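Data block below; observations after.
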Amino acid sequence: MNNSNLLAIAKEFGSPIYVYDSEKITSQYQRLTSAFKKVKHVKLNYAVKALSNLAILKLMNSLGAGLDTVSIQEVQLGLLAGVSPSNIIFTPNGVSLEEIEEVSAMGVQINIDNLSILEQFGTKHPNVPVCIRINPHVMAGGNSNISVGHIDSKFGISIHQIPHILRIVENTGMNINGIHMHTGSDILDIDVFLYASEILFDTAKHFKNLDFIDFGSGFKVPYKEGDIETNIEEFGEKLTKRFNSFCKEYGKELILGFEPGKFLVSEAGYFLAQVNVVKQTTSTVFAGIDSGFNHLIRPMLYNSYHDIINISNPNGRERFYSIVGYICETDTFATNRRISEITEGDIVAFKNAGAYCYSMSSNYNSRYRPAEILWHNNEAHLIRKHETFDDLTKNQVDVDLFAPLEAATK
Ligand SMILES: *Cc1c(COP(=O)(O)O)cnc(C)c1O
């Protein structure tokens, strides 16, 4: 996947558009599994919320990944993509008991993250094995909105409430088959991760019938040249050692689980947009593109950095640009970035556009969501059409209550 491939896609399918490189997804999957090749049973469940196109779910299924889901609709998408329910784990937060029961009835592994639902579910379905999500209270993650392990976080059952868990398990006779944590995204320091893992091992000792321990995710990927990323190989080596010795102590070869989203798909994605206007003000040169935070909200929502390259003129003289969108409020993708000289009509490519980009897009400003392309075996495959006017109106109900002022007064 190179610049001229991307340019050809923009020409053929139009802009704005998302493009995903299947080869990069595959190599990231293999990188993670090979870091843990010395663990007997490893299971990667891809976090669907990062990018949920059916073609991506099918690709994950073909690689041997399961799915990590947070809504019944994500489960349904997984099933539609041909993933077996036994390869899906449901890790919701704050959803109703009814939704959890409905997903459980499909044969999907349930992961419960609060005492109230644990007790209600265990009382009604004591024979259904359940995983519990623990909050080890380890601070991790790059942005407070994506860090979920802190003490006042809404996620998981606090490690200080283990006696409560044990009481519920005893009273209901339910079976806990897995222990889980997910402390947040963009974890840089593997020692933090290993420290949280120790807390998970300590917790696991309380449960005698475990099949798996799920270490969640949060691996950091590079966003720009020279960026630090989670050292997966070193992490794999260290956690493997610790996991294998824990299994010996526990007396069973448990499954080691992860549920990466960003790590698998972030770098595989490109977002292509066309520059509509170059606007020189007294202090800044703006490049206004045919998109906005309705299509890619991460810079505005998380202050995230996305590398932006001018693929129409990759080797031009570099100048400073602020890249802005067409939404009628502050809509900034990048401020004073060095980018190869931009002419109106050029196509710019945003990197790291695989995870949490399309999946967070909206119709704000009544714009269409873009098309999606999967680049596979050196060919572009359309995997989602761009929307049309009908998509904006099809669920609206015309109540026919009002006549135009002019007609009413006639
Ligand atoms: C979002 C999420 C993930 C994926 O996190 P990444 O940082 O994208 O790898 C994994 N597990 C759970 C429970 C999540 O909510």
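Every residue gets a Cβ built from N, Cα and C, even glycine.
All annotation found in TrEMBL is predicted automatically rather than curated by experts.
A quick note: this is a predicted structure, and the numbers were derived from the prediction, not measured.
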Item to complete: According to TrEMBL, Arg298, Tyr302, Glu329 bind substrate; identify which of Tyr270, Tyr356 is listed for that same site.
Response: Tyr356
Worksheet item: So what's the mean pLDDT when you look at the domain 'Orn/DAP/Arg decarboxylase 2 C-terminal' (18-354)?
Response: 93
Discussion item. Less than 6 Å between Cβ and the nearest atom of ligand 1 is the rule; apply it to the binding-site residues Arg298, Tyr302, Glu329, Tyr356.
Written reply: none
Worksheet item: So how many other Cβ atoms are close to Tyr302 (substrate binding site), meaning within 10 Å of its Cβ?
Response: 16
Fill in: Tyr356 (pyridoxal 5'-phosphate binding site) and Glu329 (substrate binding site), distance between Cα atoms, whole Å
21
Worksheet item: Nearest to Arg298 (substrate binding site) in three-dimensional space, by Cα, is which of the recorded positions Lys49, Gly218, Tyr356?
Response: Tyr356
Practice prompt. Output, ordered by sequence, the same-chain residues six or more apart from Lys49 (N6-(pyridoxal phosphate)lysine) with a CB under 8 Å from its CB, or 'none'.
Written response: Thr69, Val70, Glu74, Gly261, Tyr356, Ser359
